[in-house]
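K.L.:
Taken from TrEMBL, the feature transmembrane segment covers 20-44, 157-181, 218-239, 277-303, 328-346. The feature domain 'ABC transmembrane type-1' is assigned by TrEMBL to 151-347.
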Amino acid sequence: MQSTKERIARNFFKHKLGVIGLIALSIMYLLVIFADFIAPYNYITAHRNFVYAPPSKIRFFDEEGKWRGPFVYGMTKLRNPVTYRLEFTEDKSKVVPIKLFVRGEEYTFWGLFKTDLHLFGVEESSDVAMILLFGGDRFGRDLFSRVLIGGKVSMTVGLVGTLISVFIGAIVGALSGFYGGTIDVLIQRFIELLRSFPRIPLWLALATILPPQWPSTWVYFGIVIVLSLIGWMGVARVVRGMVLSLREKEFILAAKVSGVSNMKIITRHLIPNTISYLIVVSTLSIPGMILGESAISFLGLGIKEPMTSWGLLLKQAQSLSELEAHPWLMVPGIFIIVAVLSFNFVGDALRDAVDPYRAVEKV
């Protein structure tokens with residue numbers, strides 16, 4: 001006889017897209033956790049010789065076909081006589097080997113200790129050669145390093161914001177469903193009022209309240225709160241419906257007769273019986289939070305320099321001419337798409353695993 005946990009795990013791993021999404025998210029969160037170590041350069045350091053440099057081509061054989069191990073060629077800049085744009089060409093006289101565990105710019109790993117060890121890089125001066133996996137931006141900053149550090153903001157905003165909104169939604173929905181009457185009516189009318197406003201304009205309106213002089217850390221938490229204040233309403237309505245069906249069950253009536261307080265009944269009996277739904281809805285809500293932060297930052301109302309996020313990085317791709325000349329500026333958008341799809345895949349798999357009847361219907 002399988003336990004509920006074993007059944008859910010078995011059903012989840014039968015969902016191929018869910019497993020793919022879980023693997024993708026695991027890789028992305030590992031990259032985010034060790035972003036400072038994996039990034040070859042400091043994400044705010046500008047390199048004037050590599051402004052809008054294209055992604056580096058990693059090679060293993062030189063021009064003569066000789067094995068050299070992983071390396072990049074040095075870069076030289078020439079102005080195109082037709083477009084008058086500076087263009088980068090490889091200087092094949094400069095072979096720059098790529099090495100593991102190199103010493104570079106110092107950073108503080110998650111605020112715990114300082115180190116200058118990086119997973120990979122080149123030992124030559126950044127004036128001579130750089131390894132730019134995703135190219136450089138308008139200040140010559142390494143886009144790969146900025147995407148990794150930006151992921152720390154975008155991925156955690158989605159996670160923390162969802163946890164807060166689900167917590168608020170669960171509490172408000174449980175109170176509404178358990179007490180009913182006037183309390184239920186007032187809460188539901190308030191939710192309907194908030195839901196009548198379009199979500200993105202409401203996000204933007206709340207984001208404009210954040211003082212522009214706030215430091216980056218405060219802005220980060222402000223964005224989390226803004227996203228959370230909008231995301232709890234759908235959770236509250238569903239939890240209310242679940243509590244309405246649970247409050248007349250025998251175990252709830254027995255608790256009331258035993259003299260258990262209403263708050264204990266809500267927190268120890270009703271909300272725990274909605275955990276399966278809350279886990280699923282949390283997974284499906286995170287993509288909306290990531291997109292919300294990206295939209296707010298893309299429009300200049302969210303995360304600001306020197307902190308960075310995927311939405312803020314995409315601001316550089318607002319100009320069509322800029323994007324046409326430097327298509328690698330769209331790389332942060334690819335990370336957003338992968339993260340959103342992966343969370344949706346995992347959420348769908350969890351929903352089917354928790355609700356076996358839904359999985360049977362789909363088959």
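Every residue, even glycine, has its Cβ placed from backbone N, Cα and C.
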K.L.:
Any chance you could find the range in 157-181, 277-303, 328-346 with the most Cβ pairs under 8 Å to the transmembrane segment (20-44)?
P.N.:
328-346
K.L.:
Would you kindly list the residues that approach the transmembrane segment (328-346) from elsewhere in its chain, counting only those six or more residues past its ends and only Cβ-Cβ distances under 8 Å?
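P.N.:
Cβ under 8 Å, 6 or more out: 15, 17-18, 20-22, 24-25, 28, 54-55, 134-135, 137, 143, 147, 150-151, 154-155, 158, 283-284, 286-287, 290-291, 294, 310-311, 313-314, 316-317, 322.
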